[in-house]
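What Swiss-Prot records for this protein:
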- 10, 11, 12, 13, 14, 15, 126, 135, 136, 195: ATP binding site (BINDING)
- 30-59: region 'NMP' (REGION)
- 36, 57, 58, 59, 83, 84, 85, 86, 90, 157, 169: AMP binding site (BINDING)
- 125-160: region 'LID' (REGION)
- 129, 132, 146, 149: Zn(2+) binding site (BINDING)
């Protein structure tokens, strides 16, 4: 089974992806994690990507698609793609690569739909563990140690630090989603991401079960 999950910033893609790969025994390919790892390497590419991310702009398709192709070469056709594709061009690329490698396309597309104001509030308060990638809200999580892996490396993401960049990312997401919804019509599961984590998980699993019948 090949699943892709996307949604606006703050919609809980990473959280739901972690739960889904455990539930369905899938390999995870997270574009966001790949980019953050490159940024932390301080390479020339990392510096270039960091500048793009901090301004709220999208990374060039050529870079994203190259990273994805490399990752797909390492997994079989039981995987979940977190945050990819982000536009119609990337969707066409993904179809081409999957057809070449597995003679198939994506099976299920999960879209997490989130109110913009809630997204902004979540991003302003988001705190991430640099080691296990667990996410917390600074308004409710007061510890300096990650509850999951006990790391003390808790930080705000660089792309959450600037309000104008946040607004730009959300606007760009809505703009790109129009074409993606049409492209994946028939495979698209729309989920209310304004709900609690458990409620969102239940809705996703219920709709996936119905889709697999």
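Any Cβ shown, glycine's included, is placed from N, Cα and C.
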Integer Å distance between the CA atoms belonging to residue 85 (AMP binding site) and residue 149 (Zn(2+) binding site): 30
Listed binding-site residues 12, 136, 169, filtered to Cα within 10 Å of residue 129 (Zn(2+) binding site): 136
Other CB atoms, at most 10 A from the CB of residue 36 (AMP binding site): 21
Overall pLDDT of the region 'LID' (125-160), taken as the mean: 86
Using Cα positions only, nearest of the binding-site residues to residue 169 (AMP binding site) (10, 14, 132): 10
From binding-site residues 12, 126, 146, the one whose Cα lies nearest residue 85 (AMP binding site): 12
Pairwise CA distance, residue 12 (ATP binding site) versus residue 132 (Zn(2+) binding site), rounded so that it is a whole Å: 15
